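Here's what TrEMBL has on this protein:
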- 12-33: transmembrane segment (TRANSMEM)
- 39-60: transmembrane segment (TRANSMEM)
- 67-84: transmembrane segment (TRANSMEM)
- 96-116: transmembrane segment (TRANSMEM)
- 137-166: transmembrane segment (TRANSMEM)
- 178-200: transmembrane segment (TRANSMEM)
- 221-240: transmembrane segment (TRANSMEM)
- 246-266: transmembrane segment (TRANSMEM)
Amino acid sequence: MNKIKSSKSLSMIFILIAYGTASGAGWFAWQAVPADMPLLLKTLIADLSASGIIFLFSLISGNSSCYDAFWSVAPPVLFLIWTTSGQLNQDISLRAVFLLSVTLLWALRLTANWALSWPGLNHEDWRFISLRESTGPFYWIISLIGLHLFPTLLVFISSVPAYFVLTSLQSPLNFMDFIALGTALTAVFFEWLSDFQLAGHRKSADKETPIRRGLWKYSRHPNYFGEVLFWFSLYFFSLAAVPEKFWIGFAPLLMLCQFVFVSIPIMEKRQLQRKKGYDEIREKVSMFFPLPPGKSSL
């Protein structure tokens, strides 16, 4: 295992085997459940089964970061299944084409960003390392529940608006479709540009100081803002397709809460410990929503 960990190429092969095996497990679970089971439940069982296999590979490698790519790989697969299994013998709608296209764009960008920046299995997310140190012998139980199954459920629930879009009877495009499409493209652009600017900052002479340029002048976490915005775009598509299911708005709100109340506070604490002057940034730059520099706000 040490030889694999020391090589990015071998690490990537290990990950590909892990995800190939997970895909097989998901397919097996899909075939094993009753044929008349609701489509949404069938895909949830398959999704959780695949996530469980990724956990086994995390356990084998001693590295929970094996799961990292699952976040962006799972949604396109789910959406394709929902499209092919739930279209009620219809031709694919233009709305579905819009949704699938922006989802694929989002997934390819996020997965490529992970693949290009990931050093290999010798690297593990610092948050997982910190969790391992604080939980001791209970780490792998917590990893299974908190780092594998919980995010799988979160992404699945946040994807439910897309399920209603892709399995509903076709209806004409309306203004909400274009709001959804514009929101999704803006989200992907925000994520790409903020990640690009952050990568450049990490290579600069000022890498030990907080980033203060580009989108980062207006939000302390513009990449997270872009990510949450993408999930809201799926909800906007559902408002266009099935407005009577407006109640599914709780799905992107769960994603928003995850970032605002969990992910961002963890990152803020680390930045305060590592980056001199970050307390000043917190006073002047909005935490989440991009706003003109000034008094800090959400």
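The chain as shown is numbered from 1 upward.
Glycine is no exception: its Cβ is also placed from the backbone N, Cα and C atoms.
The list of residues near the transmembrane segment (178-200) in space but at least 6 beyond its ends in sequence, with Cβ under 8 angstroms from a Cβ of it, reads 98-99, 102-103, 105-106, 109-110, 113, 117, 211, 213-216, 222-223, 225-227, 229-230, 232-234, 236-237, 239-240. The highest tally of CB pairs under 8 A with the transmembrane segment (96-116), across 67-84, 221-240, 246-266, is held by 67-84. Only pairs six or more apart in sequence are counted, and the transmembrane segment (67-84) with the transmembrane segment (246-266) gives fewer than three Cβ pairs under 8 Å, not enough to call it a contact. Residues of the same chain lying 6 or more positions beyond the ends of the transmembrane segment (246-266) and with a Cβ under 8 Å from any Cβ of it are 127, 154, 157-161, 164, 220-221, 224, 227-228, 231-232, 234-235, 238-239, 287-288, 298.
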